[in-house]
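Engineer: Take this structure, written in structure tokens, and hold onto it; I'll ask about it next.
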Amino acid sequence: MTTQVPKRLRQPIVVVLGHVDHGKTTLLDKIRGTAVVKKEPGEMTQEVGASFVPTSVIEKISEPLKKSFPIKLEIPGLLFIDTPGHELFSNLRKRGGSVADIAILVVDIVEGIQKQTLESIEILKSRKVPFIVAANKIDRINGWKAQDTYSFLESINKQEQRVRDNLDKQVYNLVIQLAEQGFNAERFDRIRDFTKTVAIIPVSAKTGEGIAEVLAILAGLTQNYMKNKLKFAEGPAKGVILEVKELQGLGYTADVVIYEGILRKNDIIVLAGIDGPIVTKVRAILVPRPLQDIKLAKSDLAQIDEVYAASGVKVYAQNLETALAGSPIYVAENNEEVEKYKKIIQEEVSAVRYYNSSVYGIIVKADSLGSLEAIVSSLERRNIPIRLADIGPISKRDITEAEIVAEKAKEYGIIAAFRVKPLSGIEIPEKIKLISDDIIYQLMDNIEKYIEDIKESEKRKTLETIVLPGKIKIIPGYVFRRSDPVIVGVEVLGGIIRPKYGLIKKDGRRVGEVLQIQDNKKSVDRASKGMEVAVSIKGNIMVGRQVEEGEVLYTDVPKEDLQILMEKYKDIVTDDMIEVIKEIIRIKRTQDATYGLGLQFQ
């Protein structure tokens, strides 16, 4: 097997993203399965990690749409990346964007946009990849009757009016949700300008209804608006590594998507490895042998001499055992190009792998460049600091770095592991939290929850130990005991009082300490603004001498406690508490001119 015929336009590369259980895999399987059914012998080519649906098959499936969407297809077809989800999509990376030309964002039409959908939208935005929305599971809409057609438009015309109204309601909900994310969206058959509006295509991955429109819109959009990007380049290949695998009887191979140019056997290629750029020679280009079923075909590989973009192939070469998934792969025609691409790769990898010893943040370890980049980007959006981000298993160094962080900032003493495990013999100490997951959005959720839990726990502990601002007035006529200890009725005018809080007068003199607080004859651990409670106060104090009925007292807040409150826990400081703080500062400054200096009240 040696040849492929060069094309004027290459096939667009399509990825499928969306929330878990919204039907990504089912939709992809339906598209592939439908294409297999509709093909003629020789029409479908098998690829590694991808499925090519040729134009002839797209035209057959979308035959019912000829009148609605008249378009003469010039692209050779569509290349679908086989594994859905943004974990693998992350590896389809290239400088300034993505290897993917367009995406299908699968959304359950009943459930609408969910957390992982938002994560997918964020990564599509960051990689500047346009997308269409497949509003899946229309068969779940109440009263929907499945029709024997791949066309949504044919099917909707045969539904009862109430079912159509139901569908419109769900589509409208989706339009609103997408608008909240900054996208103007509409049902595809109501769009006038596809450059300004995201197309929503109602579909059932289960019955196949809507598959015709999905393929037709994908083909039409890419052909009409991406011609320059899709122009076939005759030059040396550029690609990206999806996965690195060990093949029995052969050795390490790389599953590669070629998005530009031609890759030939014996080409010199430059790619990223764990320890730096790898320069090696292509020993073999492998593709699955043609079989009826694409999935079955993947186990039986055949060699070809060259491959044109866009294609998914398996590349066998020496020294691939340390190659990084998500790495660019370049064909170099001479030594000068080898050095040029080594430098480019070094810069790209350095931009993703990260270490900053001055940052007390989390440690991130991932299995590929793409997933690491996606996780770092996701953490940055959430304002979670990162100390170290790298590829590969968890090492002793990672533990040491996490321990340093945990000493200073317990909430960030985390090792976040994406599809990697600790090296053999490495144990995670108790003070370090290992958070591991195979789905990015779940990893993010777990990291955020842990940080929040630790912060809340630390906050509770700290607020138990510091003195908070409080202001009370001794209510005239409510003196139950005049001394040793004094027991009086008080009104809390602002802030909070608690047992063990010291009390001061307006002139700054300390009069004693709160022993106990009772509300309706029941002991309570605090009293806040507006409450009238009985308090016992111990110290050198007597009502009528050191304090008077009707007198106002303040909690004795140490300078350090006020600093902690205003710098770390300002969110609990109420308006009435701020007024009390200002009064306490005025009192305290008669004895300490630096008390409360530099505090921000806004």
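Even glycines carry a Cβ here, placed using N, Cα and C.
So Swiss-Prot says this about it:
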type	residues	note
DOMAIN	9-229	domain 'tr-type G'
REGION	18-25	region 'G1'
BINDING	18-25, 82-86, 136-139	GTP binding site
REGION	43-47	region 'G2'
REGION	82-85	region 'G3'
REGION	136-139	region 'G4'
Engineer: Same chain only, sequence gap of 6 or more: which residues have a CB within under 8 Å of the CB of I138 (GTP binding site)?
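Structural biologist: When sequence neighbours closer than 6 are ignored, I138 (GTP binding site) has I109, W144, F152, L167, P202, V203, S204, E209, G210 within Cβ distance under 8 Å.
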Engineer: Take the region 'G4' (136-139) and find every residue of the same chain, 6 or more past its ends, with a Cβ under 8 Å from one of its Cβ atoms.
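Structural biologist: Answer is 22-23, 26-27, 106-110, 146, 152, 167, 202-207, 209-210.
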Engineer: Going along the chain, which residues six or more apart from D21 (GTP binding site) have their CB under 8 A from its CB?
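Structural biologist: D21 (GTP binding site) has long-range Cβ partners D108.
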Engineer: Counting every protein chain present, what is the number of Cβ atoms, excluding its own, within 10 Å of the Cβ of T83 (GTP binding site)?
Structural biologist: 18
Engineer: Per DSSP, what is the residue tally for the region 'G4' (136-139) in helix, strand and coil?
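Structural biologist: Secondary-structure composition of the region 'G4' (136-139): 2 helix, 1 strand, 1 coil.
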Engineer: Determine the mean pLDDT over the region 'G4' (136-139), rounding to the nearest whole number.
Structural biologist: 95
Engineer: Within 10 Å of the Cβ of K24 (GTP binding site), how many other Cβ atoms can you find? Include all protein chains, please.
Structural biologist: 26
Engineer: Going by DSSP assignments with H, G and I as helix and E and B as strand, what are the residue counts for the region 'G3' (82-85)?
Structural biologist: 0 helix, 0 strand, 4 coil
Engineer: Might you list, by sequence position, any residue in that chain lying six or more from G18 (GTP binding site) with a Cβ less than 8 Å away from its Cβ?
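Structural biologist: G18 (GTP binding site) has long-range Cβ partners K24, P84, G85, I104, L105, V106, V107, Q116, T117, S120, A134.
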Engineer: According to DSSP, collapsed to three classes, what secondary structure does G18 (GTP binding site) have?
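Structural biologist: In the DSSP reduction, G18 (GTP binding site) maps to strand.
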